[in-house]
Amino acid sequence: MSISKESSKTMIDIEKKGGEGKDGKGGSKMTKNEQFLLPFTFILIGLSSLNVWNTALGLNINFKYNTFQITGLVCSSIIALFVKVPKMLLPFALGGLAMLCAGFQIAHQCFTFEQFDTYCLIAFIVIGIMAGLAQTIAFSVGTTMEENMGGYMSAGIGISGVFIFIINLLLDQIVPDQKKFNVNEAKLLYLFLICELCLVLAIIFSVCNLELSSSKTSKEEEYSDKEQGLSYLELLKDSYKAILAMFLVNWLSLQLFPGVGHKKWQESHNISDYNVTLIVGMFQVFDFVSRYPPNLSHMKIFKWFTFSLNKLLLLNFLRLLFIPWFVINAACDLPIFTNIVQQCVCMAMLAFTNGWFNTVPFLVFVQELKKAKKKKDIETISTFLVVAMFVGLFMGIWTTYIYDFFPIVIKRYVVP
């Protein structure tokens, strides 16, 4: 998959230098405009494709809708794994998301509760599919460019959280607290309007700055497509560390957030809506902040933010210690565990490691490949990583229901 007009030499650089561009030794062949516009385009795609998810979190909308969205993401990843998704679908997927956002505004104003609930269930599945296809295409395109843009895509996903969080805080000060179907009417209207504007901008920038037309495929890419690549089994053996790391980080994050923290914390300790906004905001802000240092690892101060996949796997297993911490925050009534500052620190640490460990695999996997050197094979592995991310999210959000079988929520009895 080609990206820009000058990206036809991508795999020569990848094969021969294995990431020299990142250190600046190989020299960039992109123009000054491309050096700004391409990263911005991928950031915008990541931002807009995840805004709907973060809007649902910000509105504290029914948790089951989130599970249906993740199910849609997995469906899209399965499609991408067995079917070569045309690059031209990227702007159409983003356009579909924009239309679904408009549908939320109409449904909330005009439908009955049962109709709105049905629309949400269907729409969130389709949103998951559309967002998944957009992210799969963008990651596949970005990771095979002359300069790896996968990290910028990941950064855009992180920006979405803090972007929606800030808008949420501003709207809390401006709009009335009038609710319909237990959702703030004005906030839903404005948040989805902002989602639509971001998606329109993403469509414009992707069409103008990315080479999405298959008719303009370079000779080198045509030759690469005809050339026999490695089998799926060989590619899995070559990239299993990156795939496993991607699965683990997303599985744990979605198992604990938002199902245990903040949902079960709120049930146990009657946390106010404002404090819930702060806790959710901690995840969004620190997930955003942590996605940038790995992209700046060419600077000495940020050098330790990227490391080998072996170290990343070890850190992912250590990250399992968040499970008892989150459970205790729900199950224990001691002042330290009901303290909002401690809860925010807990959520911030989960979020920081989530964004950080999600970004590293896309930046380092190419250098650690032993057999896969062709562009076609690297595109396939990039798709594997996106599939691992979505399957991890899917397994995480559905296994969060396991905690319903344990008495971790403190029962509050009302005295008559």
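In case you wondered, yes, glycine gets a Cβ from its N, Cα and C as well.
Features as listed in Swiss-Prot:
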TOPO_DOM  1-35  topological domain 'Cytoplasmic'
COMPBIAS  1-26  compositional bias 'Basic and acidic residues'
REGION    1-28  region 'Disordered'
TRANSMEM  36-58  transmembrane segment
TOPO_DOM  59-64  topological domain 'Extracellular'
TRANSMEM  65-83  transmembrane segment
TOPO_DOM  84-87  topological domain 'Cytoplasmic'
TRANSMEM  88-107  transmembrane segment
TOPO_DOM  108-119  topological domain 'Extracellular'
TRANSMEM  120-139  transmembrane segment
TOPO_DOM  140-148  topological domain 'Cytoplasmic'
TRANSMEM  149-171  transmembrane segment
TOPO_DOM  172-187  topological domain 'Extracellular'
TRANSMEM  188-210  transmembrane segment
TOPO_DOM  211-241  topological domain 'Cytoplasmic'
TRANSMEM  242-261  transmembrane segment
TOPO_DOM  262-273  topological domain 'Extracellular'
TRANSMEM  274-292  transmembrane segment
TOPO_DOM  293-311  topological domain 'Cytoplasmic'
TRANSMEM  312-331  transmembrane segment
TOPO_DOM  332-343  topological domain 'Extracellular'
TRANSMEM  344-366  transmembrane segment
TOPO_DOM  367-380  topological domain 'Cytoplasmic'
TRANSMEM  381-403  transmembrane segment
TOPO_DOM  404-416  topological domain 'Extracellular'
Interface check, the transmembrane segment (344-366) with the transmembrane segment (242-261), three or more C-beta pairs under 8 A: yes
Helix, strand and coil counts within the topological domain 'Cytoplasmic' (140-148) (DSSP): 3 helix, 0 strand, 6 coil
Summary of DSSP states over the topological domain 'Extracellular' (172-187), given as helix, strand and coil counts: 6 helix, 4 strand, 6 coil
For the topological domain 'Extracellular' (332-343), residues assigned helix / strand / coil by DSSP: 8 helix, 0 strand, 4 coil
Stretch of maximal Cβ-Cβ contact with the transmembrane segment (188-210) [cut-off: under 8 Å; candidates 65-83, 120-139, 149-171]: 149-171
Other parts of the chain folded back onto the transmembrane segment (120-139), taken as Cβ under 8 Å at six or more residues beyond its ends: 1, 42, 45-46, 49-50, 52-53, 56, 61-62, 64-66, 68-77, 79-80, 85, 87, 89-90, 93-94, 96-97, 100, 103-104, 107, 150, 153, 157, 206, 362, 382-383, 385-386, 390
Whether the transmembrane segment (274-292) meets the transmembrane segment (36-58): three or more C-beta pairs under 8 angstroms: yes
The topological domain 'Cytoplasmic' (367-380) - residue tally per DSSP class, helix then strand then coil: 8 helix, 0 strand, 6 coil
Helix, strand and coil counts within the topological domain 'Extracellular' (59-64) (DSSP): 2 helix, 0 strand, 4 coil
